[in-house]
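Here is the structure we will look at.
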Amino acid sequence: MKILIINGPNLNLLGEREPEVYGKQTFNDYFTSLQFKLREVELSHFQSNHEGKIIDKLHEARLHFDGVVLNAAAYTHTSVAIADAVKAINIPVVEVHISNTSARENFRKHSYIAPYASGVITGFGMKSYELAVLSFVELPEKND
Ligand code: DHK
């Protein structure tokens, strides 16, 4: 099974950005440990601060991956275009957030993407990514 993790804006700064919210680990370190732990899954990772690049990657992913774990970061709350891309592609997308967006500012409570995601995992720190990948492994029927 091939899963692509897409991270949106500012998530390249994980480890140094607001560590009280997002933790102290870099995504590269986390990704290495996740791939080691979930050896049966072939994981890839893409990060961009640019909306169009995230959309291009989602389009490309439909040809090469079984599913996408998407943390669109701030674009979650603003981007109709990314939501449309998630709706347009024929592979399942699980929306992920590190922080519990429902417990933060009001503008973080709405997701344009969630209606088109096969599920949403939010608030479990970096572990949210692992739970999302596991949803593909353990609930394959959910993503048919
Ligand atoms: C990450 C961000 O950068 C924020 O803009 C979102 C999300 C929450 C997260 O928790 O992973 O509001």
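Here, residue 1 is simply the first one shown, and the rest follow in order.
Positions of Cβ are set from backbone N, Cα and C atoms, glycine also.
Taken straight from TrEMBL:
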- ARG17: site 'Transition state stabilizer' (SITE)
- TYR22: active site, proton acceptor (ACT_SITE)
- ASN71, HIS77, ASP84, ILE98, SER99, ARG108: substrate binding site (BINDING)
- HIS97: active site, proton donor (ACT_SITE)
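Structure coloured by features recorded in TrEMBL.
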residue	record	DSSP class
ARG17	site 'Transition state stabilizer'	coil
TYR22	active site, proton acceptor	helix
ASN71	substrate binding site	strand
HIS77	substrate binding site	helix
ASP84	substrate binding site	helix
HIS97	active site, proton donor	strand
ARG108	substrate binding site	helix
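Rounded to a whole number, the C-alpha distance linking ARG17 (site 'Transition state stabilizer') with ASN71 (substrate binding site) is 16 angstrom.
Proximity of the recorded positions (ARG17, ASP84, ARG108) to ligand 1: a Cβ under 6 Å from the molecule is found for ARG108. Note on proximity: among ASN71, ASP84, HIS97, SER99, the recorded positions of the record, the Cα nearest TYR22 (active site, proton acceptor) is that of SER99. Maximum intra-site Cα distance, substrate binding residues ASN71, HIS77, ASP84, ILE98, SER99, ARG108: 24 Å.
Within the group of binding-site residues (ASN71, ARG108), the Cβ with the highest number of other Cβ atoms inside 10 Å belongs to ASN71. Minimal Cβ crowding within 10 Å, among the recorded positions ARG17, HIS97, is found at ARG17.
The distance from the Cα of HIS77 (substrate binding site) to the Cα of HIS97 (active site, proton donor) comes to 12 Å.
Ranked by Cα separation from HIS97 (active site, proton donor), the binding-site residues ASN71, ASP84, ARG108 are led by ASN71.
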